[in-house]
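This report concerns only the one structure given below.
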Amino acid sequence: MNITHKLSDNRLNILATGLSTILIVLSLFSLFDFFFRNFGLPSLLASGWNDALMLAGIVFVLALYKHEKRSFYEKTESDLPYIILLVFSFITVIINGIPPIVAIDGIRVMGQMILWYLIVFYSLKGIKDKDFFEELIKYMLIAATFVALFGIVQYIFAFETPANWIDRDMENIRTRVFSTIGNPNALGGYMIMFIPLAMSLFLRRGGSLLNRSLYLIISIIMGLTLIFTFSRGAWIGLLVGLGLLLVLKDKRFIILFVVALVAMPFILPETVTGRLFHAFSPEYLARSAEAGRLYYWKEAFLRMLDNPIFGTGIGSFGDTVAIRHDMPGAVWVDNHYLKLGAELGITGLGIFLWLVISIFKQAYKNLKRLTDPFAIDLTKGIIAGLFAVIIQNGTASIFEVLVVGSYFWILVGVLYAIPLIYQGDLASDKGEEM
């Protein structure tokens, strides 16, 4: 082997190692984010570590494909709607005269996390290592389990809960856990993304009893933490997600699912059923319509109808960005879709929904291509988890929470890469062992 060839191999090893490291950090994103933000690190590092990681991911992906001289672009269903959404968001900024700092922050919060699906997809496509890929899935579940365990500890020791997190009519709820995420609804969103994934691997045929038992234990731990968040939106999202998972697994499971739903009010503690059904009580609905969720949903809906084409501009009305920059009339809308409708109009909301639908269109294509049992069950679990989060975003802008939004699009990248990693495999032994 000549010197040039040796240098080439060394460069390839460096690039592959770099991408592998980035993917491992991404799989443990929630733990790294907690560490960087809570251990007295310089503010620039604490708030910008994920931006630096994303930049490194882009650089390493481009360098790998340039070095390999391989075909770079692999079309997915989400590419076009993502690009159009970014362009249209910029147009709303120009038309509505949004201040540059607000515009940049708004596009960053909405569009930057979505970029993870491309970085993860092309990284996995470049490395194409099945064993490493399956290790990443384990790391994601381990991270979610650690976060869930900390939530259980918070509940056991009755960590202090801000008063505005508990309805004044529900004083029997002493603690709403938030773990490392910082917010019960966001923690709920994180849990419902991974519970269906773990459940799908537990329910699959052919796996070892030990592994299936571990997936069941993980599901129970995350399920307990989800209950202790007392996040109604997350509970509903999980029920819908699990229903979808059972349909994907075996339609006969639906009967068991319906029986479980009917039995829940008689099995679950009164604090859980009371919290859930309280949202439909006349007192709560009246209060919400006067100065709560229903009121702000109506305001967002009317703003969308008043500005159907270009909205009022990204970052101008609701949730994280508008409140951070003290925009006039800024509120917590607690509905990601109505918030987008107000800021981007019916047009922008339609583009975003196109992006969301594209995920499941691509997932359906993937399921038709796959033959490996583990890959099929993994795909079904991811689909159900993503759908659960999409449902929850109807009651909160969970997509704007860094950990939840990042994991959502990381999983989209994983979902898209599965057929490339398992291409040509027929009931792979490796896939059966995990």
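Note: Cβ is positioned from N, Cα and C throughout, glycine not excepted.
Heads up, TrEMBL stuff is auto-annotated, nobody curated it.
Going by TrEMBL, these are the annotated features:
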- 218-353: domain 'O-antigen ligase-related' (DOMAIN)
- 12-32: transmembrane segment (TRANSMEM)
- 52-68: transmembrane segment (TRANSMEM)
- 80-101: transmembrane segment (TRANSMEM)
- 107-124: transmembrane segment (TRANSMEM)
- 136-157: transmembrane segment (TRANSMEM)
- 177-202: transmembrane segment (TRANSMEM)
- 214-247: transmembrane segment (TRANSMEM)
- 253-272: transmembrane segment (TRANSMEM)
- 344-362: transmembrane segment (TRANSMEM)
- 374-391: transmembrane segment (TRANSMEM)
- 398-422: transmembrane segment (TRANSMEM)
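Note on the transmembrane segment (107-124): residues 19, 22-23, 26, 51, 54, 57-58, 60-61, 65, 72, 74, 76, 78, 82, 85-86, 89-90, 93, 133, 314-315, 320-321, 355, 399-400, 402, 405-406, 408-410, 412-414, 416-417, 420-421 of its chain, located 6 or more positions outside it, place their CB under 8 angstroms from a CB of the stretch. Sequence-distant contacts of the transmembrane segment (52-68) (same chain, at least 6 residues past either end, Cβ-Cβ under 8 Å): 8, 11-12, 15-16, 18-19, 22, 25-26, 112, 115-116, 119, 122-123, 126.
Here the domain 'O-antigen ligase-related' (218-353) returns a mean pLDDT of 93 for the predicted model. Same-chain residues lying 6+ beyond the ends of the transmembrane segment (398-422) with a Cβ under 8 Å from its Cβ atoms: 26-27, 29-30, 33, 50, 74, 76, 78, 109-110, 113-121, 123-125, 128-130, 133, 136-137, 140, 181, 183, 185-186, 189-190, 193, 319-321, 336, 359, 362-363, 366, 369-372, 375, 378-379, 382-383, 385-386, 389, 392, 428, 431. Counting Cβ pairs closer than 8 Å to the transmembrane segment (214-247), the top stretch among 80-101, 136-157, 253-272, 344-362 is 136-157.
Residues 76-78, 80-82, 84-85, 88-89, 92, 114, 304, 307-311, 314, 337, 383, 386-387, 390, 412, 415-416 of the same chain, all 6+ positions outside the transmembrane segment (344-362), place their C-beta atoms under 8 angstroms from a C-beta of that stretch.
Using a Cβ-Cβ cut-off under 8 Å and counting only residues 6 or more beyond its ends in the same chain, the transmembrane segment (136-157) has close neighbours at 23-24, 27-31, 34, 175, 177-181, 187, 190-191, 193-194, 197-198, 215, 218, 221-222, 224-225, 228-229, 378, 407, 414, 434. Across the domain 'O-antigen ligase-related' (218-353), DSSP assigns 102 helix, 2 strand, 32 coil.
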